[in-house]
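To start, the structure under review is shown below, and the notes come after it.
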Ligand code: TYD
Ligand code: MG
């Protein structure tokens, strides 16, 4: 039978190299993300045999199995970098593919070189393939980091066929590809970094990981708006997606799990960039509260939870008369629309208005928080700035605010309180109904709603 007759001729299509949106025709501007000149022609993956043949030509019968098994689950590999191990969900899983994304220059290569050395020192075979730097450059960096003696095997290569051939021969436990945007597959006819190349490379490497039991870590650059450049598709192909992020002007870096098939997806690891590479920060609360100013109006300490770990941060608000017809609402480190919501709830439920006032809100230290449990701390910071009354020092605050002005209990209250007690705080404000346990010996003020907060704490109403 002539198989070729059944093959569908691949249709040329166009894709945006920033967001991956596909088009039938070339256009100058992507409708998906608004980028100019980012649409590139790409040869699609083979579409396989046509529909008719799938019905008439039988495939192989697959063996189906059930879920019961005698096999022990695969051992996770611990690197010894405990911040990294925790974000991975308790170590690296064999046969897994992990994507580490981040802005250029944030420290991805540094982190992964240190991780490579840590895994190698723990007795695993590690191959580090750099598509961006020459081996001499990687070696120099390793020496500067004091890792010159570790048994990591290096290569500077971008041709994926050569890389896979080498990996099949070496069968390492871990392979790091830095970066996926520099890799090219010779069967795909477009430039490295294009959507089709990145997708094909990621597909080859994840397939390799599953077949040979190697853990593969891919490095990916992220565009300014936080998307992994070109290949959002890669996020779907890998088991774990980690983002490495940090603020310019701050020394700390955060490794955040945004997708994890083998562990929790909201875990963070905190590192500090030093002259000797990345150092682990095992007590991040102390780091973020380290240079706290004396208690002042508008400053409140929020007892948060990031992943499984409590994290204390300072929330600062400033309220000033506005010269503008539409007063300013500026937020750093928190969600702007959530701030508008809290201002609206304050106005509607307590009658305290922020009309004609500029409002600035800042999470100190440069970390970003997304927990709704920060609502009460934000409300306290705003009220404290507006009323020019400071919250008693050594007090932490947490709780979620509902639109009715009621305070809603939040999870892990006991952990939050224990962490605060450990750092020398003696009092806490939280919603009524929180499971506080023994509260770590702190004095508690449990509030049912905003009116009570305003009346009791700020003496207004
Ligand atoms: P790098 O790992 O090359 O970033 P990426 O791979 O994400 O592009 O990190 C580069 C930055 O890290 C650079 O600005 C210098 C800084 N750095 C240090 O501060 N200390 C160090 O020991 C190293 C190796 C890098
Ligand atoms: Mg790099």
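First residue shown is number 1, and so on along the chain.
Each residue, glycine too, has its Cβ placed from N, Cα and C.
Positions annotated as domain 'RecA family profile 1' by TrEMBL: 73-222.
Around residue 102 (ATP binding site), the same-chain residues at least 6 positions away in sequence with a Cβ under 8 Å from its Cβ are 108, 221, 222, 243, 244, 245. Residue 102 (ATP binding site) falls within a strand when secondary structure is assigned with DSSP. TrEMBL lists 102, 103, 104, 105, 106, 107, 108, 109 with the feature ATP binding site.
Away from its own ends, the motif 'RadA KNRFG motif' (259-263) comes close to residues 76, 88-90, 93, 96, 235, 238-241 of its chain (Cβ-Cβ under 8 Å, at least six residues beyond either end). Annotation comment: TrEMBL describes 259-263 as motif 'RadA KNRFG motif'.
Taken together, the residues in the region 'Lon-protease-like' (358-461) have a mean pLDDT of 90 on the 0 to 100 scale. The region 'Lon-protease-like' annotation in TrEMBL covers 358-461.
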Secondary structure composition of the motif 'RadA KNRFG motif' (259-263) [DSSP: H/G/I, E/B, coil]: 0 helix, 2 strand, 3 coil
Among 104, 105, 107, the most crowded of the binding-site residues [Cβ within 10 Å]: 107
Environment of 102, 103, 104, 105, 106, 107, 108, 109, the listed ATP site - residues of the same chain whose CB lies within 8 A of the CB centroid: 221, 244
Fewest other Cβ within 10 angstroms of its own Cβ, chosen from the binding-site residues 103, 108: 103
Listed binding-site residues adjacent to ligand 2, that is, members of 102, 104, 105, 106, 109 whose C-beta is under 6 A away: 109
Other CB atoms, at most 10 A from the CB of residue 109 (ATP binding site): 23
Entries of 103, 105, 108, 109 (binding-site residues) sitting next to ligand 1, with Cβ under 6 Å as the cut-off: 105, 108, 109
Helix, strand and coil counts within the domain 'RecA family profile 1' (73-222) (DSSP): 62 helix, 32 strand, 56 coil
